[in-house]
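What Swiss-Prot says about this one:
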ACT_SITE  Asp864  active site, proton acceptor
BINDING   Leu718, Gly719, Glu720, Gly721, Ala722, Phe723, Gly724, Arg725, Val726, Lys748  ATP binding site
DISULFID  Cys30-Cys90  disulfide bond
DISULFID  Cys164-Cys217  disulfide bond
DISULFID  Cys262-Cys329  disulfide bond
DISULFID  Cys416-Cys462  disulfide bond
DISULFID  Cys507-Cys566  disulfide bond
DOMAIN    240-340  domain 'Ig-like C2-type 3'
DOMAIN    712-1000  domain 'Protein kinase'
CARBOHYD  Asn99  N-linked glycosylation site
CARBOHYD  Asn137  N-linked glycosylation site
CARBOHYD  Asn175  N-linked glycosylation site
CARBOHYD  Asn181  N-linked glycosylation site
CARBOHYD  Asn249  N-linked glycosylation site
CARBOHYD  Asn257  N-linked glycosylation site
CARBOHYD  Asn444  N-linked glycosylation site
CARBOHYD  Asn500  N-linked glycosylation site
CARBOHYD  Asn526  N-linked glycosylation site
CARBOHYD  Asn546  N-linked glycosylation site
CARBOHYD  Asn555  N-linked glycosylation site
CARBOHYD  Asn576  N-linked glycosylation site
TOPO_DOM  20-600  topological domain 'Extracellular'
TOPO_DOM  627-1052  topological domain 'Cytoplasmic'
TRANSMEM  601-626  transmembrane segment
Amino acid sequence: MAKVPITLVMIIAIVSAAADLGCDYGHHRCYIDVTVENSPRQRHLLSDMDITLQCVRPMAKWFYEDKFQLRATLLRLERAQSGNSGNYGCLDSQNRWYNISLVVGHKEPVGNDIASFVKLEDAPALPESDLFFQPLNESRSLKLLQPLPKTVQRTAGGLFQLNCSPMDPDAKGVNISWLHNDTQILGGRGRIKLKRWSLTVGQLQPEDAGSYHCELCVEQDCQRSNPTQLEVISRKHTVPMLKPGYPRNTSIALGDNVSIECLLEDSALEPKITWLHKGNADNIDDLLQRLREQSQLPVDVTRLITRMDEPQVLRLGNVLMEDGGWYICIAENQVGRTVAASYVDLYSPSDTTTVRTTTTTTVASPIPTASTGEDNDDDVENPAAEASGGVGPPVFRKELKRLQHSLSGNTVNLACPVYGKANITWTKDKKPLNRELGVYVQKNWTLRFVEATSEDSGLYNCKVCNAWGCIQFDFSVQINDRTRSAPIIVVPQNQTVKVNGSLVMKCTVYSDLHPTVSWKRVVLKNASLDGLKSVEIQNLNFTVTNDSVVLTLRNVTFDQEGWYTCLASSGLGRSNSSVYLRVVSPLPPLEIYALLHAHPLGFTLAAITIVALFLLGSAFITFMLRRLRREKLLKLRIETVHQWTKKVIIYRPGGEEGSGCSSGDLQMPVIRIEKQRTTVSTTGTGGTDPAQGFNEYEFPLDSNWEIPRQQLSLGSILGEGAFGRVVMAEAEGLPRSPQLAETIVAVKMVKEEHTDTDMASLVREMEVMKMIGKHINIINLLGCCSQGGPLWVIVEYAPHGNLKDFLKQNRPGAPQRRSDSDGYLDDKPLISTQHLGEKELTKFAFQIARGMEYLASRRCIHRDLAARNVLVSDGYVMKIADFGLARDIQDTEYYRKNTNGRLPIKWMAPESLQEKKYDSQSDVWSYGVLLWEIMTYGDQPYPHILSAEELYSYLITGQRMEKPAKCSLNIYVVMRQCWHFESCARPTFAELVESFDGILQQASSNPNDAYLDLSMPMLETPPSSGDEDDGSDTETFRETSPLRYQYTYKFN
């Protein structure tokens, strides 16, 4: 026997009745066929027996206390205890009902349950074989109604539920706890919900996987369930998944309106929904299979039209007889298709109908070219709730129980709750309600009749209807006459009392006949349980009141600890129930209380002294704190002055920072600078000069890009413009760079004589570079310094300068020299002239096309693509610059460089010259001019054209620049395609990348040489664009009349 607390229960069986019960007490087995009509309906059995109940074949439904248990032919109770006592019933396939009442051993007092029948009084002897004991942990309160599943698979983002209901869910004092990987789960908020007996985990995540089990406890006695292993599967794209129960079959009266819903689970792929109508189909499964295989629609199938904003709902109005039949819903996405059908049955308004809620569903195999996903098997706690508030027939809120059993004199409630508003009609045995004894009470969805009698048994039907249809349900009500039984005993729980204290225990008895009630005590001698000689039964004195028998114990001693049993007997049988009394020692009095009683005056004076000292100390501390506060405020007024600073405010339209460009063109951030008053300390606690700590501008902090100013060491100036300059610097500890490694970067900043407009331009350029992102063929932003000093924008550094100068210095026959003061390289030759041939120039064009392809994919327009705005980095990697400086296009009708007020008209497309229209295709025109620059080693385009009007006249007549001398025909064909007058006829940058990829492969003797190694890591050291350069070699023209040529030429 396990070492657990046990309850001593003494029961003497009725051995004389064992012969006709089909029981073998020697082997502790009992076999009962509940279908035998002449067998008794109430059985009295011993505990610890294996009881088998049999119902007719095939499988029957078993019920315990009117609650469904399982579907089987046999119901087996292993080592049955008093907790298994109660009413059992089975319902066979012919709806025939059989029931039996079992009384097993002794049942612990719970509510008004019938206690065990015993023969304790008037027993001449107590045979040793009839004495046994019941452990506490055998209670039905700690047995699970159903075991937990061993393994469960769920999809990430789905729902996971477990239920640990005990066999007696109404038992009191039962506590439940849930554990995940042996760690207690604390729910109540977030994704984890704990109800009475259930655990629900929503929005599953990978860390939710593991072992789950529950633990039921009654006082100190606990029992743990078997573990359930949860596996969380990552969510992938799947075919459209229908919500359970959709679409629903329905019945509708002629002339009424009906809505059929094809509701789908949420999915990242937007499905396309199609509705078809098929009349009476002989084999609907064949039709669904053909549709699943994506074959052509049959001739006799009609395609229906639904609202574009609500394709999942098909609405039919004023239905006719030809509208009946099958309605097929096809939901399709890139993975596959799901096909489901529902049947619409039409009837005359005078007929009665029952709504059918079945669905025919089939899922197609995935489309061959799309990636397949896994089915979503997430649980849905209440699928019917999805239909609440919708258009359609009523839907029951919960599953209804057909069989209703009760005893005579009880109140019976029948309920048919539905969602929404509807009318309900009740009938009994297909007739209107009519009760001879008593009345029926109807309230909302409930039918109630009190003091039920056997005449109230019958078939009750509820019919609920609304404007779209009706549903109905049948209740089979069986009212049984109350069987007179042995007395029912209600006793208190186990008691605890202090030694020498008093205790009152009441034993309340309910009986059909006048009972005889008494209190007895069971005494164990020598703490032995091995025989009858160690047990003694003592009679106790008690008093009888109107409704109970009271046992009063005074001056309780330790010897009186033990079991006390209340016995009740009548002509119908005997019952008993026990309670355990525990006697404990009182707590010893504390010494402080003894001293208090001995010296009350001394304790009073000490308390008064402590309180007085506390009050005086509080007053002193309050006075000192107020004085220090006044002195601090006075000192602060002396040490502070007020100055005006400028706050930079950045508005990012089209999404959050870092989200890239929105749909359409790049939405430039709006920069506002507002003045505000700032308090500055004049003494500075750090010992620094206040003037050095004061900043003219206050910038918002962006922790993703902010770099400490101490990590930069500024060097020589690379270039200057009208309002800003670019400085070479050494940076330490940049993100994604080796520790303690120094990186050469370029730092952009405004000059001392700058204006607010100049500062806004630099901030706008920085924000645009943040939104565009990183690519190997564009100048990338590395970070910024915006706090504790002027604004520094840190970008990559390109040591070889811009492409235009690079081509000029490396053209055939050119002297190989460079300036020492430009901050780039010394006079060493950049690249051997014999290697800078057409193939290398084509590689340069290929890289620039890749960079422009990336900008176009980000919906960003360059507006000033030219060789002067392409920088040459380490390894002769081309990097596009100045894409962040097309800032004035949205503020004015054209782009004007702030340095010298000139326009790059020779690189502008015709639509940009005429209408100031800029898009990705106008950048393609500029790319063609850039390609011409590359193939001529940096020559100026259109050398003989001097004005915008002359250039537009030259282009509109169909004239284009001639093929360069050292340019192949394939590359010149690409130039001419970029110079197509109609923008829609020009190739895209993606197509240009493919063209140059093919040209490089054809030009290479080794196929592997045709590809550039562009998978190298991002350079951390390239520079900014050369927007602030003086542009001495840039052929641009001053804008003599900004609007004159806009109206001179018109498109046809």
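The backbone N, Cα and C atoms fix where each Cβ goes, and this holds for glycine too.
Mean model confidence of the domain 'Protein kinase' (712-1000) amounts to 84 (pLDDT, 0 to 100 scale).
By a simple count of nearby Cβ atoms, those within 10 Å, the most crowded of the recorded positions Cys164, Cys566, Val726 is Cys566. For Cys416 (disulfide bond), the nearest of the recorded positions by C-alpha distance turns out to be Asp864; the candidates were Gly724, Val726, Asp864. A separation of roughly 99 Å, to the nearest angstrom, links the Cα atoms of Cys30 (disulfide bond) and Val726 (ATP binding site).
Comparing Cys462 (disulfide bond) with the residue listed as 'active site, proton acceptor', their Cα atoms are 78 Å apart once rounded. The C-beta environment of Asn500 (N-linked glycosylation site), restricted to residues of the same chain at least 6 apart in sequence and closer than 8 Å, consists of Asn555, Val556, Thr557.
Sorting the domain 'Ig-like C2-type 3' (240-340) by DSSP state (H, G, I as helix; E, B as strand; all else coil) yields 12 helix, 36 strand, 53 coil. When the Cα atoms are compared, Asn249 (N-linked glycosylation site) and Cys566 (disulfide bond) turn out to be 60 Å apart. The secondary structure of Leu718 (ATP binding site), as reduced to three states from DSSP, is extended strand. Here the recorded positions are Cys30, Cys217, Cys329, Cys416, Leu718, and the one ringed by the most other CB atoms within 10 angstroms is Cys329. Note on the residue listed as 'active site, proton acceptor': other Cβ atoms within 10 Å of its Cβ, all shown chains, come to 25. Cys90 (disulfide bond) falls within a strand segment according to DSSP. Cα of Asn576 (N-linked glycosylation site) to Cα of Glu720 (ATP binding site): a distance of 105 Å. Using a 10 Å radius centred on the Cβ of Cys462 (disulfide bond) and all shown protein chains, the other Cβ atoms total 23. Closest to Asp864 (active site, proton acceptor) by Cα-Cα distance, out of the recorded positions Cys164, Cys217, Leu718, Glu720, is Glu720. Nearest neighbour of Asn181 (N-linked glycosylation site) by Cα distance, taken over the binding-site residues Leu718, Gly724, Val726: Val726. Taking the Cα atom of each, Cys90 (disulfide bond) and Asn175 (N-linked glycosylation site) are about 31 angstrom apart. All protein chains shown were included, and the count of other CB atoms within 10 Å of the CB of Asn576 (N-linked glycosylation site) stands at 25.
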